[in-house]
Amino acid sequence: MNARALLISFYSAPKTHLIIPPGAAVHSKSRQLLQLCPCQRAHIRPIYAGNGLFRRIKSGRVGADVKSEPCDIAESPPESVQFDKVFATDNDGGGDEDARMVPWWEQFPKRWVIVLLCFSAFLLCNMDRVNMSIAILPMSSEFHWSPTTVGLIQSSFFWGYLLTQVAGGIWADTVGGKFVLGFGVVWWSLATMLTPIAAKVGLPFLLVVRAVMGIGEGVAMPAMNNILSKWVPVSERSRSLALVYSGMYLGSVTGLAFSPMLIHKFGWPSVFYSFGSLGTVWFALWLNKAHSSPLEDPQLLPREKKLILHSCASKETVKSIPWRLILSKAPVWALIVSHFCHNWGTFILLTWMPTYYHQVLKFNLTESGLFSVLPWLTMAFSANMGGWIADTLVSRGLSVTTVRKIMQTIGFLGPAFFLTQLSHVDSPAMAVLCMACRQGADAFSQSGLYSNHQDIAPRYSGVLLGLSNTAGVLAGVFGTAATGYILQHGSWDDVFKVSVGLYLVGTVVWNLFSTGEKILD
């Protein structure tokens, strides 16, 4: 069969050029046939219908009318018939052509869609957590709760939160982060919406619902760490984690800002119903857009998939957890100890800051609440700035180990320095500035120890975060209680001295035993 018969067998049309309708593709075999006889000098040209913004071609028909001339099939095809350059597909590595033919909103990196969804999940996480600190005031008045009962209700959240730190990490590493994080958001959102009903039924029911809410939020951090370890390259790790954790800070700001307005206009139950319902919106987006790993996403562009799979070490789910091996590694214990030292100071400041403002700086309650928001905003800014700095240093050739040690040293020594200055300031404005700077320096830890789980054991990052965050939560529980005891028998300077001492211990342990290299495969 000659070249004319071969070409017309595909489709006969009175055209002098090749027609490619929207959604059409030339099969690789068809392409080869068209290239067999380069001497067909019809100057076949592709035409893209519409605006040309189409990603790939699924089906269609090809038509050409060529002038039959003798040809030598051994002759190499000229540039005018180099269809490989025009009809590049995923299998052919046509990433650049894909990028030009995809709408801009689909060209946005899918890994950053995952990061933004995790960011919004953490935003909701802290919104649902801090709303009780505002709503507890009218609730305690309505139900005649004593201060002891109020403290019991506030602490009941941590009962469930502690239970699922390690369990959530194991679950995420074995079944995938998408399912676990989705479960967590739905679980705590339902518990949030059930809170007003439980409060009206009775105190025991309210305590159970708050503990159940803690169970849902307890799996969030391990699940997030697992899914980002599979999606985010090392060169973008610090920025992505900083953005996600800044969602927690902004969630606190949002919750503290909107809760009083909702309570004033619609009553205290409205806070729980409105905040909880946002979780259903997030879950719908999560189901549609998220996948536990790039290998499971059929819509991921090949160029981005290649980048992720080349840069990320964690690609497979875990079938069993090597506990003995994990706990035998010094960098793992450096993480656990450093997380404890870090969270002792962080939880104390975030829990007792309004009291400090009110008792020491003589602010009224409104001013105390307002100035308590400022450190959250500072942390959100500093966390993202620190993430950008860390990733820039890594991209310029500085080792991951060195970068993690630098960032965490700032996260320890910065807060320690500003706490020591609080006893020397003369004005409330300077005290607030020291507090804000202390929290800003603290946020550099997001590019230090909080990024290190994925560095040293990407496949077990969920389990590692569960282990270290359990120590961090225990530090918050014990530190908050110890602060009350210290204040009863001492002063705020004594409280700050204990925090500074633990920051120094954490600095030494971190710089001696931590690493940015993978130690578990």
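We number each residue from 1, going along the chain as drawn.
Cβ atoms here come from the backbone N, Cα and C positions, even for glycine.
The domain 'Major facilitator superfamily (MFS) profile' annotation in TrEMBL covers 114-518. Sequence annotations record features per position, and here TrEMBL assigns transmembrane segment to 112-132, 152-172, 179-199, 205-228, 240-258, 270-287, 332-353, 373-394, 463-487, 494-513.
Long-range Cβ contacts of the transmembrane segment (205-228) within its own chain (Cβ-Cβ under 8 Å, at least 6 residues beyond either end) map to 114-115, 118, 121-122, 125, 128-129, 132, 152-153, 156-169, 171-173, 176-178, 180-181, 183-189, 191-192, 194-195, 198-199, 237, 240-241, 244, 290, 292-293, 314, 453-454, 461-466, 469. Through the fold, the transmembrane segment (270-287) approaches residues 117, 120-121, 124, 127-128, 131, 134-135, 178, 181-182, 185-186, 188-193, 195-196, 255, 259, 262-263 of its own chain, all at least 6 residues removed from its boundaries and within a Cβ separation under 8 Å. Here the transmembrane segment (494-513) does not touch the transmembrane segment (152-172). Their Cβ atoms form fewer than 3 pairs under 8 Å, with each pair 6 or more residues apart. Sequence-distant contacts of the transmembrane segment (332-353) (same chain, at least 6 residues past either end, Cβ-Cβ under 8 Å): 326, 372, 375, 408, 411-412, 415, 419, 435, 438-439, 442, 445, 449, 452-453, 456-457, 464, 467-469, 471-476, 478-480, 483, 495, 498-499, 502-503, 505-506, 509-510, 512-514. Packing against the transmembrane segment (373-394) from elsewhere in the chain are residues 234-243, 245-246, 249-250, 252-253, 256-257, 349-350, 353, 400, 402-404, 406-407, 410, 432, 435-444, 446-447, 451: each is 6 or more residues past its ends and has a CB under 8 Å from a CB in it. For the transmembrane segment (179-199), the most Cβ-contacting stretch among 112-132, 152-172, 240-258, 463-487 is 112-132 (pairs under 8 Å). Predicted-model confidence for the domain 'Major facilitator superfamily (MFS) profile' (114-518) is 88, expressed as mean pLDDT. Proximity of distant same-chain residues to the transmembrane segment (240-258), defined by a Cβ-Cβ separation under 8 Å and at least 6 residues beyond the stretch ends, is recorded for 111-112, 115-116, 118-131, 133-134, 224, 228, 232, 275, 369, 372-373, 376-377, 379-380, 383-384, 386-388, 443, 446-447, 450-451, 454.
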